[in-house]
Amino acid sequence: MSKKIKIHSIKYNFFMNALLTISGFIFPLITFPYVSRILGPAPNGKIAFAASVISYFSLLAAMGIPSYGVREIAEVRDDQEKLNKTLTELVVINTLFTLLSYLLLLLLVLIVPDFRKDSTLIAITSIQIIFTTFGVDWFYQGIEQYDYITARNLAFKVIAVILMFILVHNPQDYIIYAGITVLGNVGSNFLNMIKLRDYAHFNFHISLNLKPHLQPIVTLFLYSAMTVIYTNLDQVMLGFMTSNREVGYYSATIKIENILTSLITSLGAVMLPRITYYLNHNGIQKFNELIRKSFNFVLLISIPLAIFFFLEADQVIFVLAGKGYERAGIILQCLIPDIIFVGLSSVTAWQMLIPLKMEKWVLVGSIVGALLDAGINLAIIPIIGGVGAALSTVIAECSVFVTHCIVLRKRLRNAIDWQNICKLMIGNIFALVVLGLLYMVHFPILFSSSLTLSLKSSFINCVCVGIVYFGVYGITLLILKEQLVLEILGNIKQRFK
């Protein structure tokens, strides 16, 4: 007998997912500076190259199920029989494509010299494919068990960090670090199958109907494939067209960008199952309200973060990666606007198009982005290397968002609060003006070159600029009575009453 599924509030789920996201921010802050200094750009480039290659095979194994599964499980979570049937059918499909993925990977390792040369690294990195398949994370997201997801992920991240400090001491340990990374990312999935019987069970005694799932999962797979192309193809093309060192520089900036985008899109992960549930239970007014809040949340966070990291790119790279990564500063400046477009397109894709079962338009948007990304990469990576890869990524993600907006133009009229967006822009402009005034009076701790500062001084510089910028930004929004800031402040006050 499966136990009753307890559904928490959106605020609770968001808090748990935000905690998981913040851990994704904190743990790289701990590991990235250490690994960058111990391994150096070339071994880090090898790991990044292997991870990029494996991401394609992970994508094939998943076959769109991680996103499709969340939606389908959310729809049937109140019906135990349908829940068991849906789970069984999706796991069967997932298993078949996982076997196909491993067969193709083995074939490429045997044929392609670059893959065969790093076969051990690729083999270790590929472990995440099978762990992801049988971890059924999408099931737990569909039934909104974000407290469990967060707890087990945090536990394995802590274990991975401890192992890194114990086992990784020189550049030759990059294979060990790759294994530790896999453990930290997907090791917790081993526990999922054990706990699964608390909520559902596999039923192979009924007639399984796989066909209805194929069209939507193939569509979402193609969407994910196109997305991976313009997020991971950059590193693969850099590896083939430039050098491991250039991949290492670019990888450093991508790690920073991924941390920021995961923070910005953290709300979307908990919104997909809830929005799907509302749409299937006549909650269109609630749907519009949640979408409006999502857009406000993304813009509230992404714009100031993009401006801050653009201004402090050299300092941030110096603090996180150390000497030898100076070129990564300009790459980060070119890449950082991407976090705004990623945040916005995550709302239009995961919270609007997919719950509305318009996933074919998500695919169209990703095809547009992937074609632009690949074409621009081919033209400018040989000329400007990582900078070209960064620029092509930003242009690709912008084109994805524009495509979504064209399709959703009627629904977006009720989802965008232009008055609130103006308040956010005023807050950012005023914060920039204050920083500009400090620059004009030559305030030293805010505007010293990272090339002449120690690690401690650079860190203090980042903290001081952050305090000034985000402090002025926040105060301005409070004065303007920005609705989301006031709501957050109200919730905090209520907690302490």
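Placement of Cβ uses the backbone N, Cα and C atoms for every residue, glycine included.
Look at TrEMBL and you will find 47-70 (among others) tagged as transmembrane segment.
Annotated transmembrane segment per TrEMBL: 91-113 (among others), in sequence order.
For the transmembrane segment (119-139), the list of distant contacts is 46-47, 50-51, 53-54, 57-58, 61-62, 65-70, 73, 87, 90-91, 94-95, 98, 101-102, 105, 109, 149, 174-175, 178-179, 181-182, 185-190, 192-193, 196, 199-200: same-chain residues at least six beyond its ends, Cβ to Cβ under 8 Å. What TrEMBL records for 119-139 (among others) is transmembrane segment.
The transmembrane segment annotation in TrEMBL covers 151-168 (among others).
Here TrEMBL flags 174-194 (among others) as transmembrane segment.
Residues annotated as transmembrane segment in TrEMBL: 214-233 (among others).
Residues or ranges marked as transmembrane segment by TrEMBL: 259-277 (among others).
Taken from TrEMBL, the feature transmembrane segment covers 297-318 (among others). Here the transmembrane segment (297-318) has long-range neighbours at 252-253, 256, 260, 263-265, 267, 325-326, 328-330, 332-333, 336-337, 339-340, 343-344, 346-347, 421, 424-425, 427-428, 431-432, 435, 449-451, 453, 455, 458, 461-462, 465-466, 469-470, 473, 477, 482, 484-485, meaning same-chain residues at least 6 beyond its ends whose C-beta is under 8 angstroms from one of its own.
Counting residues 6+ beyond its ends, the transmembrane segment (330-350) has Cβ neighbours under 8 Å at 67, 223, 249-250, 252-254, 256-257, 260-261, 264-265, 268-269, 271-272, 291, 294-295, 298-299, 301-303, 305-306, 309-310, 313, 316-317, 362, 365, 386-387, 389-391, 393-394, 397-398, 400-401, 404-405, 408 in the same chain. Here TrEMBL flags 330-350 (among others) as transmembrane segment.
Listed by sequence, the residues of this chain that lie at least six past the ends of the transmembrane segment (390-408) yet keep a Cβ under 8 A from its Cβ atoms are 230-231, 234, 250, 253, 331-332, 334-335, 337-338, 341-342, 344-345, 348-349, 352-353, 358, 361-362, 364-366, 368-370, 372-373, 376-377, 380-381. Here TrEMBL flags 390-408 (among others) as transmembrane segment.
Marked as transmembrane segment by TrEMBL: 429-446 (among others).
The transmembrane segment annotation in TrEMBL covers 458-480 (among others). Within its own chain, the transmembrane segment (458-480) has Cβ neighbours under 8 Å at 300, 304, 307-308, 311-312, 315-316, 318-319, 423-424, 426-428, 430-432, 434-435, 438, 445-446, 448, 450, 486, 489, counting only residues six or more beyond its boundaries.
The list of residues near the transmembrane segment (91-113) in space but at least 6 beyond its ends in sequence, with Cβ under 8 angstroms from a Cβ of it, reads 54, 57-58, 60-63, 65, 119, 122-123, 126, 129-130, 133-134, 136, 202, 208, 210, 213-214, 217.
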